[in-house]
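Enquirer: If you look up TrEMBL, you'll see 487 marked as active site, proton acceptor. Residues or ranges marked as FAD binding site in TrEMBL: 85, 149, 349. Taken from TrEMBL, the feature NAD(+) binding site applies to 215, 216, 217, 218, 219, 220, 221, 222, 307. According to TrEMBL, the feature domain 'FAD/NAD(P)-binding' maps to 30-365. Annotation source TrEMBL lists domain 'Pyridine nucleotide-disulphide oxidoreductase dimerisation' at 385-496.
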């Protein structure tokens, strides 16, 4: 730094942005430059600005392979949580219309769904959020630059505009929060040419029609769920297991319900190629892993949901010495989000071993900004983060899966309490509730500290969020049993769970 500061350089001002010429400067132009305008990056930049830091945030979205573009806000706002939840809601309303007739509502004529109406409404809401983010940045005096950023050194970022113009920024600290993008299986002929991903599905102007969803991640199941729910013929092709990383008993309940709900599953199959027929239909050839034989079917759309890759390739990370996990491509980070290079930090989906969840990125970003501003030493706690899979029957969880609890503590050292229950709303509607299930995984003995809590049922996210706070307070089974439930709710069933798996007793809830 001393060497840098001892060199004389020159600046020029263009469009109110300080731009470095080829003679680099030692002046610290910003306190903080954030590369990435997703939920985490925006939270970090706004928090830093509120603490008196001079902040710039760089955000540039490369169009998807299909040319889909969107504004500031990252995956969650544009092609993730927000449009997904809204389309999930559209599907739930379709189910509610069927239930309504059992409750006495007279609904004349056939019920059908119009994709273009839904898509336009969802896309308009997303655009309003894009605008809102830009207004917030302006109000908080964060400089927003719609440019592609890459690293020059530990204090310098090079920005590239759409027209190819270079802009050089210097900062005391640099934060990388660029997230990830969906993967294509590039080894499958026709996958890229004829397939779409979650980067595209929410921005389609016309219905995707009969759809093959390849993959069994939460992204795959959520998309397949709402496509089925709005009346589209939908098949999920699964290579191995659904919801890898989640409790597998719960994952089985989720897929069982989806099959009963109308989603088709093609188990233990691997896609081989995708060809476009003269009719415009997509012919998919796949191999059955059990028989080794090839099979074919035609679809209107093929949605690849086979994982995500971190957005690291264009950042020049290795050039400045930022170390990556060579297998995942993610940045190796310490507990304080620091990288292998001083003054360069990374968090969110791009950090190795971090949960790929919006709320964790937002909280981690705010805490990082406070630490860099000297306001706190508090680190992000990544343990016991609650999440929900928004499938037709929602699945919420916090803490360890049963498998993880067994692995960490041993099968004889845990006690699993469970219950099958029927939501009151399902009764009059005569809906099947056989997959509505609760599981509480506890440490065996003593006060039976709760290690994991799992819930399938309506509004699982709302239910799980409330109980998640208890994990931060060391919740035990006794605490749960001493909690008075709200009647009649699905959440109250958690306060009444008392049958252990070990007992072998029937865990079906009876009575009201």
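From the backbone N, Cα and C atoms, a Cβ is placed for every residue, glycine too.
Caution: TrEMBL annotation is automatic and unverified by curators.
Keep in mind it's a predicted model, so treat the numbers as computed, not measured.
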Enquirer: Which chain-mates of residue 219 (NAD(+) binding site) that are at least 6 residues away have a CB under 8 A from its CB, listed by sequence?
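Expert: Spatial neighbours, sequence-distant, of residue 219 (NAD(+) binding site): 182, 198, 305.
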Enquirer: In the same chain, which residues outside the set 215, 216, 217, 218, 219, 220, 221, 222, 307 have their CB within 8 A of the centroid of the CB atoms that define the NAD(+) site?
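Expert: These residues sit around the NAD(+) site: 213, 223, 243, 305.
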Enquirer: Could you give the Cα-Cα distance between residue 85 (FAD binding site) and residue 221 (NAD(+) binding site), in whole Å?
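Expert: With distance taken Cα to Cα, residue 221 (NAD(+) binding site) is 13 Å from residue 85 (FAD binding site).
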Enquirer: Pick out which of the recorded positions 85, 487 has the most other Cβ atoms within 10 Å of its own Cβ.
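Expert: Output for this query is 85.
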Enquirer: Would you kindly give the Cα-Cα distance separating residue 349 (FAD binding site) and residue 307 (NAD(+) binding site), rounded to the nearest Å?
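Expert: Residue 349 (FAD binding site) has its Cα 12 Å from the Cα of residue 307 (NAD(+) binding site).
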Enquirer: Specify the nearest of the binding-site residues 215, 217, 221 to residue 349 (FAD binding site), where nearness means the distance between Cα atoms.
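Expert: Its closest listed neighbour, by Cα, is 217.
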Enquirer: Fill in the CA-CA distance, residue 487 (active site, proton acceptor) to residue 149 (FAD binding site), as an integer in Å.
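Expert: Roughly 53 Å, rounded to the nearest whole number.
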Enquirer: Counting across all protein chains shown, how many other Cβ atoms sit within 10 Å of the Cβ of residue 221 (NAD(+) binding site)?
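Expert: Residue 221 (NAD(+) binding site): 26 neighbouring Cβ atoms within 10 Å.
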Enquirer: Among the binding-site residues 149, 215, 307, whose Cβ has the fewest other Cβ atoms within 10 Å?
Expert: 307
Enquirer: Sequence gap of 6 or more, Cβ distance under 8 Å: name the residues on the same chain that satisfy this around residue 217 (NAD(+) binding site), in order along the sequence.
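Expert: Non-local contacts for residue 217 (NAD(+) binding site): 243, 244, 305, 306, 307.
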Enquirer: Report, in whole Å, the straight Cα-to-Cα distance of residue 149 (FAD binding site) from residue 221 (NAD(+) binding site).
Expert: 34
